[in-house]
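Participant: Handing you this structure, nothing more for now.
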Amino acid sequence: VLGAVSCTFFLAANSLYSSSDDVIELTPTNFNKEVIQSDSLWLVEFYAPWCGHCQRLTPEWKKAATALKGVVKVGAVDADKHQSLGGQYGVRGFPTIKIFGSNKNKAEDYQGGRTSEAIVDAALSTLRSLVKDRLSGRSGGYSSGKQSSRESGGGDKKDVIELTDDSFDKNVVNSDDVWLVEFYAPWCGHCKNLEPEWAAAATEVKEQTKGKVKLAAVDATVNQMLASRYGIRGFPTIKIFQKGEDPVDYDGGRTRSDIVARALDLFSESAPQPELLEIIDENIVKSTCDAHQLCVIAVLPHILDTGAAGRNSYLEVMLKMADKYKKKMWGWLWTEAGAQSELENSLGIGGFGYPAMAAVNARKMKFALLKGSFSEQGINEFLRELSFGRGSTAPVGGGGFPKINTVEPWDGKDGEQGIDFSSHILEQRYKHWCSKTLLAVPQLPVEDDIDLSDVDLEDWDKDEL
């Protein structure tokens with residue numbers, strides 16, 4: 001019995017991952033072919049089977065691997081068994097996670113959270129940077145032996161703001177924005193290594209935060225008043241400045257992806273809640289959707305179906321989700337059922353199933369439709385899938401946004417129970433009534449004047465009308 005127990009323990013201790021997992025087991029035999037010679041982005045965990053932290057990370061690592069399958073490679077090395085491979089990459093503790101980007105010979109240390117969501121976010125941020133480098137013609141990663149742009153006067157640091165004793169307070173201390181400031185010395189080797197990462201991160205952060213988080217640099221050998229004021233004792237030193245708060249030291253990683261991830265976290269913490277706008281004219285749709293990667297549009301039930309309390313409950317759910325995902329910088333819009341019928345039809349909503357929601361990419365003119373419940377949980381699952389680049393999409397009907405009607409904004413009150421006989425309202429309420437009763441909706445003629453003399457209004461449900 002003891003032998004059986006010992007054998008079982010031995011097997012369990014050496015099987016954190018199996019062939020059925022999406023985590024790729026790496027060894028000295030296959031590491032070079034799978035990772036080093038690959039064009040893919042790799043996240044590799046170096047672990048020891050007996051390590052408690054590794055065991056706790058295992059389910060999160062597996063979930064991340066499944067979420068990233070086909071997008072980013074996720075591997076694992078038993079560094080207790082393959083000590084030579086761990087030693088090659090300077091592994092001193094477990095678990096150690098390395099990111100192998102475009103320069104496979106210089107892996108980056110992952111220093112983010114140990115949850116599947118944090119791992120996936122970091123992977124996607126690194127992947128985005130790698131793709132942008134390829135698009136711009138840069139090889140990405142590191143470029144050892146290249147002259148520093150601070151020395152050569154190159155333009156790679158165009159989005160890094162150079163600060164001095166004279167300009168610091170005006171730009172940083174009195175600013176409403178978040179600042180990450182690097183204090184460097186031109187002769188410092190570590191500063192030279194950081195410089196291309198800092199420059200690349202500055203460009204990405206500027207783009208993703210619309211300039212609300214800024215990366216700057218101070219030559220501490222020239223601007224000694226600032227260096228003394230903030231107690232700079234070594235180089236490089238990075239400090240975070242936020243309005244109304246004392247500066248704090250940045251203690252994260254020194255790679256582009258690490259810097260960007262921290263900057264986006266700071267932006268998320270300080271950013272105001274996104275606006276939730278009612279679609280009352282074409283300009284609101286165009287300005288909102290053109291300015292954001294995704295535009296989340298909700299079509300809420302008619303005010304006569306919910307009253308003010310019911311509508312506000314839907315809007316509260318949307319506001320909570322907008323705040324939760326404010327880091328994504330999406331646009332948020334809503335309209336009432338029937339008010340923008342052409343927009344509904346172009347997004348596959350078309351007069352029924354309210355409340356409904358679609359997320360639109362205005363650049364590609366594609367949309368994804370919420371298929372779950374219009375609740376915090378249902379919307380969160382929908383948006384989470386979108387944030388990972390998953391979920392089915394379809395082209396916007398007609399290949400572009402349809403005509404948007406100009407309507408009066410909601411006054412925040414319950415709807416009036418009286419009958420509006422205007423041709424547009426009559427047509428929309430008639431269609432709404434027909435869709436509820438599962439009848440085919442005939443096209444109601446729309447004329448300047450509608451003769452209702454032959455209509456017996458006593459036979460109609462006035463609320464439905």
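Cβ coordinates are placed from backbone N, Cα and C, and glycine is handled just like the others.
Where the annotation comes from TrEMBL, it is an automatic prediction and has not been curated.
Note that the structure is predicted; figures quoted are calculated from it, not measured.
Feature list, courtesy of TrEMBL:
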DOMAIN    15-129  domain 'Thioredoxin'
DOMAIN    152-285  domain 'Thioredoxin'
REGION    136-160  region 'Disordered'
Participant: What is the three-state DSSP composition of the domain 'Thioredoxin' (152-285), stated as helix, strand and coil residue counts?
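Facilitator: Tallied per class, the domain 'Thioredoxin' (152-285) gives 52 helix, 27 strand, 55 coil.
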Participant: Is it possible to list how many residues within the domain 'Thioredoxin' (15-129) are helical, extended or coil according to DSSP?
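Facilitator: Its residues fall into 42 helix, 22 strand, 51 coil.
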Participant: Tell me, roughly as an integer, the mean pLDDT over the domain 'Thioredoxin' (152-285).
Facilitator: 89
